[in-house]
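Report on the following structure.
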Amino acid sequence: MSKMLHKFRGTLVGALVGDCLGSNYEGVSSTLPWGEVTDYTLERIKDEKEPIHYTDDTAMTRAICKSLTEEKKYDNRSMAKAFVQEFFKEPGRGYGAAVGTVFKRLRDTNPEDVTLPARSQFDGQGSYGNGAAMRISPVALYSRSSSEVQKNAQENALITHAHINGVNGAVLQAEAVFKALPLEPPNLNTDKFIDDLLEVAKKLEEEYEESSKEKEDGGHISTSSPQKKPFLYFKKLKEMKELLNKGETLEPETVVETFGNGIRAEEAVPAAIFSFLHKGRESFQESVNYAISLGGDTDTIASMAGAISGAYWGVNEIPELWKSKCEGVEEAIEFANKIFELKEERKDDE
Ligand code: R7I
Ligand code: MG
Ligand code: MG
Ligand code: MG
């Protein structure tokens, strides 16, 4: 099997097992003792008779895979339709409290512009939840360049998340997966990885400043323009670089103080990238366990850390126990195969 196919499978299976295992703790307010997490993920799940269910993070990831492989291209209308279908088929997968409104509006009004309903969320500021970032890994697999990753991730995020932090969180998570794919473990240059992401964050945040300025210059400050919070991800990535260069194992508390562990994209995405860079260099398993130990939005942080770490390590490095216990592993592998084929075909039209 080609090394890259192995990594495509690792990405989708990694995202899946992170979601399934993390969901056991979603919403715990504090960090979790390492022993508690490993006792659950490496011992207690052995006795599970039923498969460990996936949540909305995976449901939406699968919807993206379905759209890509059916259309054989990136198409935002088809993405929106796939999300709506998936949501109404299984609304009980643990979706964010507000995003259901977007799906209802999409279904009931069938707008020409599928990003319209998301823009009226939260009094017009749009959602800054991590729901766009949590599902984005297939977009990173499908896209051929950083600029394609950014464009597709942004479009995809806008279907549900209009707030700049929700959107940019998805773009950075997609870029992290994209940049992990060509790396050859165990040699991970964390400074280089962060520097590349810093460049992306800087560009995104400058573009946003530029567009806010244009709005003001036009003498019209839109009430629907998202709250200004300049260079938020850039700042967090800078802090991440400093923390990682301390060269010691970092207590989850320190990480949570620095990045947060909540449902906001600006917290969960840095927490996930950090889990990969800090622990994913050792193994896939450590990365996911560490992400869970941060507490808070554990399914989502572990799923995003799992996607990046799976892109880095490949599917064979994901514990067999996890693959045998989580619901939907076969489908994740099939989708990875199909997206891999699709990308191979698209190579020829370059
Ligand atoms: O972002 P979203 O899809 O939720 C994803 C999360 C993940 O943890 C999943 O595992 C699942 O559990 O949910 O859904 P949204 O409803 O758009 O956002 C999630 C939550 O973030 C909202 O329900 C709000 O509590 C909060 N939130 C906001 N609160 C105030 N103002 C998001 N945006 C805002 C805001 O602008
Ligand atoms: Mg979830
Ligand atoms: Mg939830
Ligand atoms: Mg979650």
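Glycine too: its Cβ is placed from the backbone N, Cα and C atoms.
As annotated by TrEMBL, Mg(2+) binding site applies to THR55, ASP56, ASP57, ASP297, ASP299, THR300. ASP57 (Mg(2+) binding site) has a Cβ environment of 33 other Cβ atoms inside 10 Å. In the three-state DSSP reading, ASP57 (Mg(2+) binding site) counts as helix.
Around ASP297 (Mg(2+) binding site), a 10 Å sphere centred on its CB holds 29 further CB atoms from the protein chains shown. For the recorded site, ASP297 (Mg(2+) binding site), the DSSP three-state label reads coil.
The Cβ of THR55 (Mg(2+) binding site) lies under 8 Å from the Cβ of ASP19, CYS20, SER23, GLU26, ARG93, GLY94, ASP299, each of which sits 6+ residues away along the same chain.
ASP297, ASP299 are the binding-site residues among ASP56, ASP297, ASP299 whose C-beta comes within less than 6 Å of an atom of ligand 4, given in sequence order.
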